[in-house]
Amino acid sequence: MQCEEKPVTERVVLAYSGGLDTSVAIGWIAEETGAEVIAVAVDVGQGGEDLDVIRKRALACGAVEAEVADAKDEFADEYCLPAVKANALYMDRYPLVSALSRPTIVKHLVAAAQKHGATTVAHGCTGKGNDQVRFEAGIVALAPGLKCIAPVRDYAMTRDKAIAFCEEKRLPIATTKKSPYSIDQNVFGRAVETGFLEDIWNAPIEDIYEYTSNPAEPREADEVVISFKEGVPVAIDGRPVTVLQAIQQLNERAGAQGVGRIDMVEDRLVGIKSREVYEAPGAIALITAHQELENVTVERELARYKRQVEQRWGELVYDGQWFSPLKRALEGFIDEANQHVNGDIRMTLHGGRAVVTGRRSETSLYDFNLATYDTGDSFDQAAAKGFIDIYSLSSKIAAKRDLA
């Protein structure tokens, strides 16, 4: 007598934060699809609850398995560092705080799906934000056969319904004291949106900030020296640091001076404009220092072209194309351009600003004897006349024609 084979139950890997929406999503997905849910929480320095507490909550909410990953160093080394080397500021202002964390999380979601034989990955994004694209474009780039679902978008899991579901199932998660804001944070920065900020005339209030102190409050300035090797921050005030430690220390020191506050209306990937408030003290301090060291060490034509590459790199990352061939190719160029970005940058952190006050580098292209206007100037000014004649020749020829 042959035994009947037990049908294989489909499995869904869920990007789990430990909050109400993703806790409810565990049971919601199970009811809507009949699948078993595996919860995966990834620590990218967002702070908050202990990872083991989050893991146990996922199991209590119905996950058949729950995994947590401490990815802080990975996030800093493999995602934040390339952004620093690229001086990445979307629309010249936003240091890609959320956009950088999504591919980190995606990598762990895909690994969990492959480990547990899941066919689908789920996330908690809405249908009008950038993150749904970042998650799903990243997932299919790493595992083209995986399907993606978003309960809020695909199954109309509104917050009211989520609260009712939570109370009905008696899930171990609070349903009160909901912030009026949508907040996303990691070690590279913090993003705040919605609530009264949706009226773009309303000024942000101090209560929304956590990573930065009020820059208007009087306090003594803080001087810091950041050392780089090939574009990588390797020391602060002469003490060796990892990339993660550099970000964390500058978050604390620059944040205490109110550095890194950004209030902007940005162009979202989905076609709308959105008002966002960011705090990124460590990111802004590092990018400011790195840019200045590049000014000292990178040849002019390379520096000019790199600025174009930086903008495109930032757009690709913002648009969820972290794993794209173009982004990888541009990163190769950026790494090459950073080969001689070595040295120290001295900065004063005060009043919401990170101001560079000193630069030194063994690979500097700054030649004092060529730059000085004092005695000892080695610049051959006699060569300037002939250079100008040749440089302006094409304009001179065109002017003769156009003004005739």
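Yeah, the Cβs are placed from backbone N, Cα and C, and that goes for glycine too.
Over in Swiss-Prot, the protein carries these features:
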| type | residues | note |
| --- | --- | --- |
| BINDING | Ala15, Tyr16, Ser17, Gly18, Gly19, Leu20, Asp21, Thr22, Ser23, Gly124 | ATP binding site |
| BINDING | Tyr94, Asn130, Arg134, Ser182, Glu266, Tyr278 | L-citrulline binding site |
| BINDING | Thr126, Asn130, Asp131 | L-aspartate binding site |
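The DSSP secondary structure for Thr126 (L-aspartate binding site) is coil. In terms of C-alpha distance, the listed binding-site residues Tyr94, Arg134, Ser182, Tyr278 place Ser182 closest to Ser23 (ATP binding site). Each of the binding-site residues Ser17, Asn130, Ser182 was scored by the number of other CB atoms within 10 A of its CB, and the lowest score belongs to Ser182.
Excluding Ala15, Tyr16, Ser17, Gly18, Gly19, Leu20, Asp21, Thr22, Ser23, Gly124, which define the ATP site, the same chain contributes Val24, Ala25 within 8 Å (Cβ to the Cβ centroid), listed in sequence order.
Spread of the ATP binding residues is 13 Å (greatest Cα-Cα distance among Ala15, Tyr16, Ser17, Gly18, Gly19, Leu20, Asp21, Thr22, Ser23, Gly124). Taken over all pairs of the listed L-citrulline-binding residues (Tyr94, Asn130, Arg134, Ser182, Glu266, Tyr278), the Cα spread reaches a maximum of 19 Å, rounded to the nearest whole number.
When the C-alpha distances from Ala15 (ATP binding site) to the binding-site residues Tyr94, Asp131, Ser182, Glu266, Tyr278 are tabulated, the minimum falls on Asp131. Note: the L-aspartate site is recorded as Thr126, Asn130, Asp131; in the same chain, Cys125, Lys128, Gly129, Gln132, Val133, Arg134, Val270 also have Cβ atoms within 8 Å of that site's Cβ centroid. Around Gly19 (ATP binding site), a 10 Å sphere centred on its CB holds 18 further CB atoms from the protein chains shown.
Among the binding-site residues Tyr94, Tyr278, the residue whose Cβ has the fewest other Cβ atoms within 10 Å is Tyr94. DSSP assigns Arg134 (L-citrulline binding site) to a helical segment in the three-state reduction. In this structure, of the binding-site residues Ser23, Thr126, the smallest number of CB atoms within 10 A of the CB marks Thr126.
The Cβ of Asp131 (L-aspartate binding site) lies under 8 Å from the Cβ of Ser98, Arg102, His123, Cys125, each of which sits 6+ residues away along the same chain. Within the same chain, residues at least six positions away from Asp21 (ATP binding site) with a Cβ under 8 Å of its Cβ are Gly124, Val152, Met157, Arg159, Ala162.
Remark: Arg134 (L-citrulline binding site) has Ala99, Arg102, Pro103, Val106, Gly320, Trp322 as non-local neighbours, by Cβ distance under 8 Å and separation of at least 6 in sequence.
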